[in-house]
Amino acid sequence: VYAFLAPTRAVVGDIVREKELRLREGMRVLGLSEPAYWASWGLTHWTLLALSGALCAAAGTYPFANSSAAIMLAFFWLYAAALVSYSYTLSTLFTSSRVAGTAAQLLYALSMLPGFVLPAVYQYGSWTWYVACLSPPSAASLFAAALVNWEKVAE
């Protein structure tokens, strides 16, 4: 989960910096359409986060030897897509890129806390796990907890 902290901060910073400098308005004047704008940023940011996901999946094959590397890679790529949306949502809250980067890190860290706490409180899940999965960092933490449980069962 921490591997995605810096890329998420960068994504939020990129969007807020463009908003701060009013670059999007300039591109719109030059004829750039909204779908093309968001598709280009979405693909760029997803690629950045997908690289982090591929590295995490590759590194995860050692501690999670009984788990499928393909499933981990698929999860991390889907997680990257969720983080792009999460980052774009966070970027609407800020007008200064300096504040946005720091606040995005703090909000990311706070939003992953339920994913760390819930497995200790409700080992076998409950309705609170579903609510926690609405936040991508918590969902990733819960996925890691599920992987640890699967590894224990496999041994």
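Just so you know, glycine gets a Cβ as well, placed from its N, Cα and C.
A TrEMBL annotation is a machine prediction, not a hand-curated record.
Note that this is a predicted model, so its numbers are computed, not measured.
Here is what TrEMBL says about this protein:
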DOMAIN    11-140  domain 'ABC-2 type transporter transmembrane'
TRANSMEM  46-65  transmembrane segment
TRANSMEM  71-94  transmembrane segment
TRANSMEM  106-122  transmembrane segment
TRANSMEM  128-150  transmembrane segment
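Summarised by DSSP class, the composition of the domain 'ABC-2 type transporter transmembrane' (11-140) is 104 helix, 0 strand, 26 coil. Through the fold, the transmembrane segment (106-122) approaches residues 1, 4-5, 8-9, 90, 128-129, 131-132, 135-142, 144-145 of its own chain, all at least 6 residues removed from its boundaries and within a Cβ separation under 8 Å. Within the chain, the transmembrane segment (128-150) has long-range Cβ neighbours (under 8 A, six or more residues past its boundaries) at 1, 4, 60, 64, 66-67, 72, 75, 79, 82-83, 86, 108-109, 111-116, 118-119, 122. Long-range contacts of the transmembrane segment (46-65) within the same chain, counting only residues at least 6 positions beyond its ends with a Cβ under 8 Å from a Cβ of the stretch, are 3-4, 7-8, 10-11, 72-73, 76-77, 79-81, 83-84, 147, 150-151.
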